[in-house]
Amino acid sequence: MSTPKTTPATPDTRPDGPPDDDPQPPSFTAERHVAPRWVRWGVPVVLAIVAVILPFVGIDSAQQFLLAYMAIIALLAVSLHFLMGIAGLFSLGQAGFFGVGAYVGVVLMDKLGWDGAIALPLVAVAGALVGLLMALATLRASDLYLALTTLAFGFVGENVVRNIDYLGGAQGIAGFDLHFFGLTLDDPLLIYWIGLGCVILFGVMITSMRRSKLGRALMAGREGPVAARSIGVDTGRYRFLAFGLSGAFAAIAGSLYTAYAYVLDPSVFGLTLTTTVLTIAIVGGLRSLPGVLVAAIVLTWFRSAVDGEAVSEYVLLIYAALVVVTLLFLPQGIGGAMSTLVRRLANRKGRS
């Protein structure tokens, strides 16, 4: 009776497989082909060009303030896109980072009289440090517990500032004297340009990071923390990095909001802002930077358009409905739908 031939075990030599010293989960490597490079870069570039042109088309004062607010909310949405879409960490604490940046900015620029060119980097450092503390507090938490812990952070921040007279207490602070490179920050277009510059800078950084070893490690942890740890990815270290950078982005947005509103009170830590930015991220597509930016622009405009109308009382209800509809029919958001459409058109054109 003959025995079947056995083949000695050999290492995986698939031509498409990742090298042994840099293993990656299959679902993660597949993301490299979600959209062509011209789509990944083209849409943000078009948005940036439009954003640069808008202030020169003869807009009135109210529209200038709307542009400034759009830039601030877009920057906050970018911070959540990085934390949830890239690193896969579900957070409800962006309003907390936002509030920290707002109050630190007021202390540095108004009470201490520092110029914004010096204060804004320090605001980013403060936001990053708070982000590192958040990462430390949630090091062993995941999913629901992570969301609840980050949500509690906003409530804690709100109650802390309510009881500090130096920060205005429950009444808040108003009538700031803020400057940026010697220019008074009472011009909405100046706030807009600063915010737009930060959005472009951070957007380019995040897009470039996705293709780097650092970005691959972050996304590997997002796809499967246990699998990532098994191949040597230090998910704890990358959690600190993700919270730190996200906190810095959100803190700068909060500081710019202070200049925009010229009034600051503990409600800046509130749940309304968290709900708004979370809606933007989900509707835009958590993993799509262009989609998040488009959603930030559209929803901010919508909120402004209904301000003072009866429907404004139901904005949060409308946001909830948008989230449900998006999760049911566009689970990857606007950005995912755009990528799918472009990919299908490209494939159809290639076959013709």
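The backbone N, Cα and C atoms fix where each Cβ goes, glycine too.
The following features are taken from TrEMBL:
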- 1-12: compositional bias 'Low complexity' (COMPBIAS)
- 1-29: region 'Disordered' (REGION)
- 38-59: transmembrane segment (TRANSMEM)
- 66-84: transmembrane segment (TRANSMEM)
- 90-109: transmembrane segment (TRANSMEM)
- 116-139: transmembrane segment (TRANSMEM)
- 190-209: transmembrane segment (TRANSMEM)
- 240-263: transmembrane segment (TRANSMEM)
- 269-302: transmembrane segment (TRANSMEM)
- 314-334: transmembrane segment (TRANSMEM)
- Is the number of Cβ-Cβ pairs under 8 Å between the transmembrane segment (90-109) and the transmembrane segment (314-334) three or more, considering only pairs separated by 6 or more positions? no
- Note on the structure: Answer key: the stretch among 190-209, 240-263, 269-302 with most Cβ pairs under 8 A to the transmembrane segment (116-139) is 240-263
- Item | Stretch in 38-59, 190-209, 240-263, 269-302, 314-334 most in contact with the transmembrane segment (66-84), if contact is a CB pair under 8 A | 269-302
- Message: Which range wins on Cβ pairs under 8 Å with the transmembrane segment (240-263): 190-209, 269-302, 314-334?
- Response: 190-209
- Query: For the transmembrane segment (314-334), what are the same-chain contacts with Cβ under 8 Å, counting residues 6+ beyond its ends?
  - Reply: 272, 275-276, 278-279, 282-288, 291-292, 294-295, 299, 303, 306, 340
